[in-house]
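Lifted from Swiss-Prot, the feature list:
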type	residues	note
ACT_SITE	26	active site
ACT_SITE	100	active site
ACT_SITE	133	active site
């Protein structure tokens, strides 16, 4: 069975720290210890951290995307650890931080401008949740002409009514790979 991309003759992409921007989506406490706890957090979180270290070592562009909810919201509650970026991923000077209020990281943010200034054509997406923010960002990125790559072992999701997290991730990533981007392992990005 062939993907939509392959039927169009679009070859799979590769990524390196030299030719791409790392975009870390919603790596926040809500997904580690909140109501939206990710089922594979123990596996995906270290892979995000490892990629971040590769990009930092290469002095490559990095964007941290954080989801913000209204004051008093029960998810990503402002002023609590649930809203904070994971400690090991804390942005360093020179790393962009984009605050979003919608599932897609491009919607009503300056992400497009930041990426354009990087001079790169590829974006490597990692983070949470595969079926919502990662998928929406991949789709928005592809629509804007970015070569989208998802590090499939550096994303995760939670169980939702009717679908367990592993199946949800599998389907979300298959949809991205069919039309919007390329899936790679984090270890294949150097």
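Placement of Cβ uses the backbone N, Cα and C atoms for every residue, glycine included.
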Check your understanding: What does DSSP call residue 133 (active site) in the simple three-state scheme?
Key -> helix
Study note, to complete from the structure: Between the C-alpha atoms of residue 100 (active site) and residue 26 (active site), the distance in angstrom, to the nearest integer, is 9
Check your understanding: By the DSSP assignment reduced to helix, strand and coil, which category contains residue 26 (active site)?
Key -> coil
Review point. DSSP on residue 100 (active site), three-state: which is it?
Key: strand
Study note, to complete from the structure: Spacing of the two Cα atoms, residue 26 (active site) and residue 133 (active site), in whole angstrom, works out to 8
Revision key, fill the gap. Same-chain residues at least 6 apart in sequence with Cβ under 8 Å of the Cβ of residue 133 (active site), in sequence order, are 25, 26, 65, 67, 103, 104, 105, 127
Check your understanding: So for residue 26 (active site), how many other CB atoms are inside 10 Å of its CB?
Key -> 23
